[in-house]
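S.K.: Found this in Swiss-Prot, in case it helps:
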- 1-142: domain 'Globin' (DOMAIN)
- 59: O2 binding site (BINDING)
- 88: heme b binding site (BINDING)
């Protein structure tokens, strides 16, 4: 789980992330599609997956908005993300491995945007946070 120190580091970096959520989200999604093209199958209704795509920008806001909610509820990530998990598991039928892949892409985007602030300690805390998010999203797949 997340330690008190992890939570402090996560909230600190996320204060900076919130000022650039759309750009970071778009960068992470574009990287996901380039590095893991199989993930595009869930976005076949998007005619444009380029960084300028309005639909991609909108989805980036939704994804980062959900992560912001999780940051604001670090002691209860599973309940916080329950509805999102349910939609992805039962309606959209997303292979849950994609959450982990997007997490990796998000970590790269954070490191690129916040090179000075993304210390090894922050990286570890964010990695642990994203693991908790992934576990929460996996919850309704059972």
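Every residue, even glycine, has its Cβ placed from backbone N, Cα and C.
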S.K.: Which Cβ among the binding-site residues (59, 88) has the fewest C-beta neighbours inside 10 Å?
M.R.: 59
S.K.: Give the mean pLDDT for the domain 'Globin' (1-142) on the 0 to 100 scale.
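M.R.: Mean pLDDT, the domain 'Globin' (1-142): 96.
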S.K.: Within the domain 'Globin' (1-142), how many residues are helix, strand or coil going by DSSP?
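M.R.: Across the domain 'Globin' (1-142), DSSP assigns the residues as follows: 108 helix, 0 strand, 34 coil.
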